[in-house]
Amino acid sequence: MISKIITSIFGSSNDRTLKRLRKRVAQINKLEPAFEKLTDEELQAKTAEFKQRLADGASLDSLLHEAFATVREASRRVMGMRHFDVQLIGGMVLTNRNIAEMRTGEGKTLTATLPCYLNALTGKGVHVVTVNDYLARRDAETNRPLFEFLGLSVAVNVPGLPNEVKREAYKADITYSTNSELGFDYLRDNLAHAKEDRFQRELHYALVDEVDSILIDEARTPLIISGPAEDATQIYQAIDTIIPHLVQQDKEDTEEYTGEGDFTLDLKNKQAHLTERGMVKVEGILTEMGLMQEGETLYHPVRIALLHHVYAALRAHKLFELNVDYIVKDGEVVIIDEHTGRTMAGRRWSDGLHQAIEAKEKVNIQGENQTVASITYQNYFRLYEKLAGMTGTADTEAFEFQQIYGLDTIVIPTNKPVIRDDRTDLMFKSEPEKFAAIIKDIQECMARQQPVLVGTASVEKSELLSAELTKAGIAHNVLNAKFHAQEAEIVAEAGAPGAVTIATNMAGRGTDIVLGGNWKAEIAKLENPTEEQIEAIKAAWKERYDIVMKAGGLHIIGTERHESRRIDNQLRGRSGRQGDPGSSRFYLSLDDALMRIYLNEGKLNMMRKAFSEEGEAMESKLLTKVIASAQAKVEAHNFDGRKNLLQYDDVANEQRKAIYEQRNYLLETEDISAMIETIRGDVFNRVIDQFIPPQSIEEMWDVAGLEEALKRQFGMELPIQHWLEQENDLHEETLRERIIDIATQEYHAKEEKVGSEVMRNFEKGVMLQNLDELWKEHLSAMDYLRKGIHLRGYAQKDPKQEYKKESFEMFTNMLDLLKSNVISVLSRIQVRSQEEIEEAQRQQETMAQAESENYRTADHQAEAQQSESLTEEQLANLDIGRNDPCPCGSGKKYKHCHGSKARYA
């Protein structure tokens, strides 16, 4: 209450920011008349002028007014579009570490040209990040003429590009790319074995389009590059047959309650748990299958992997649904993004879940993979020196953007007031009643030729509603994961009079729905259209536009509330763009997932009793509060999950940074011999310490053990016992120095044989190979630690602190092992000089020649003996198989000896 009073007096933080930025807009507008008078050449020369001023010490902020005026005037000349004042405000917000909330249709693509141009002047590169390939290509081609007019290069980076093309794309001033490709390229760069193989420059400025989708919805999805692991295909198939025999139980067993079922489900967290009864049942079936021994349990250390497979199969069957969480396409299981409704080709669930679903759907089971490199979007985008984002819906997540990314959210006012009619929700008792009401609403819209966009939460629901519309004889388009390729075409037609379009979540997001249909898309379909054709298309569109405007603009129907208010707002935001009319309404039922999972049974029963007759709709403020309460619970739960993930990933992130910095140092540095010398001293000292403790007396020494260790690990045979017997003044320190000196001398002797350049390259190769292999194993070990660390809570220990402590110990152990492995390989390697190699080659050639002469001599002798012992006539009379030994005694098969002669005869 007090905060509202203060806000009403002083204005909100957002209002104060906008007030300050409007003053700067006035400064930019003052420059406009002067910039309009510039010739094209003078306007283009501004880019070089700005770059020189930056080089002379000017700041980007000091150039902002002139730079924005330059872009606005260039855009007017090249693209026929002049930036509105609110777009200038958006551009200023995006220049710094902020998120701009701009409503759908307010021109985010054009707004982005302002901060992109300004930040590209530094020459460090700008990355414009989009959610899919189509938008990356579209936005790049849309803005390319403007940027190239101003002397900046533009490139697109999408999956499947040849390495050289990708490398050039990153050298461009402005690179349009998808979020996943940027992350994967970063990981690939940190797996490269030569600096020339890397793609990215230093990460300078990223402008993320649909920032909420990328930094929040996909925040929990790690980017993973993996390699093949142990194959367990047959186990997945065997365990898949067990699940149909198991019975679900409503709630967990307790001291007071023991159920009759085999497993319970946690729908909120998508987890499954075996009951005590279920555990015994599964163990019995596995024993019958021969996968376990009689008397063994699933918690036996040897069998714990089987339990992992059982839980993966349970989740696959009971918690992941076809056409909701995934589709089967061309014999492969393809994940559906729960937030966008789009398929995520190439992505796979981890922990054996994907293989379990493949077994369930009876498709080819692909092998499990081991993580080679991974990073979350949260940590990848925090690597950029400057990060900004834009979206139509960010204000509801402003707290999370600030907490996790340090980004402030500024709501940009619309150019024209929003006049969309957002109607109150209608609640129905069951889903069939809800669908009947939706169909009635659609029919009413079609009668007045008003276009309708129907938003659904899953592919399954979109197909179910599509079937109902088909039954009712209503023509419509479906936009979901199965029809991803037709996305742009379907969206282009969605604003036509009487058009009905069903879309999952925010499929089609990023593409405006133009009232009356998209006339530009119609023209694009024609080859070399004439002026008459273009004018005819525009005239036809104007007629359709007028019809739609009269009917009330685009009508949005939500078939259920989403887990987040933000996604509901995104759906609503498709209508009422740029001051157009429009309307929206959500239709709900007590069967909806949000109601079932997040409202308790008592509230649901109370609401069921409120319905007196079939088909009755309920709308009230209480209903709105109940729904808002459920969504708030989900948002809080999801935020906690993302924050928790980040806290754990931050531990791994510090280690990742250290490893990747070391890796980049190795790639950039030509000579690492000084590092090798230091490591050699550390490794030998550590080995010697095990057998001869520092400052210890001779009776405590294990000399034989030290001799054996040096031989085994470094290939060094040293008579240490003999030295000690012969030299009375040899003590612990001098002995240590002698061993390390001999190791160093032997290594330098090898270097003299092959040359320093060869040895330097070999050192780098050994270091990189061992670093990559051990890092891969470390990631796997960290993953195992992460999965089980929550159990420390039962011992009254903080799991996060325990994870930090143990992961640090694992990391230091890995580094120690890396040093040992590298020195061991370098010490044991046998090298030969060029003269020795040439001599060895000469000896091999001589031996080969001698062997060849011996074979020829032996053949001649054998033939002579054969001709003496058996005549051709005698051999021809014998009944000999072609593969039998020749009776002449040569030892060859008959077909290769006298058999061949007989055949030719």
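From the backbone N, Cα and C atoms, a Cβ is placed for every residue, glycine too.
Between the candidates Asp512, Asp546, Asp568, Swiss-Prot assigns the ATP site shared with Gln87, Gly105, Glu106, Gly107, Lys108, Thr109 to Asp512. Take the CB of Thr109 (ATP binding site) and look out to 10 A: across all protein chains shown you find 17 other CB atoms. When the neighbouring Cβ atoms lying within 10 Å are counted for each of the binding-site residues (Glu106, Asp512), the highest count belongs to Glu106. Within 10 Å of the C-beta of Gln87 (ATP binding site) we count 27 further C-beta atoms, all protein chains included. Between the two most distant C-alpha atoms of the annotated ATP binders (Gln87, Gly105, Glu106, Gly107, Lys108, Thr109, Asp512) there are 17 Å. Within 8 Å of the Cβ centroid of the ATP site, not counting the listed residues Gln87, Gly105, Glu106, Gly107, Lys108, Thr109, Asp512, the chain contributes Met102, Thr104, Leu110, Thr111. Here Gly107 (ATP binding site) comes close to Met81, His83, Phe84, Gln87: these same-chain residues lie at least six apart in sequence, with C-beta atoms under 8 angstroms from its C-beta.
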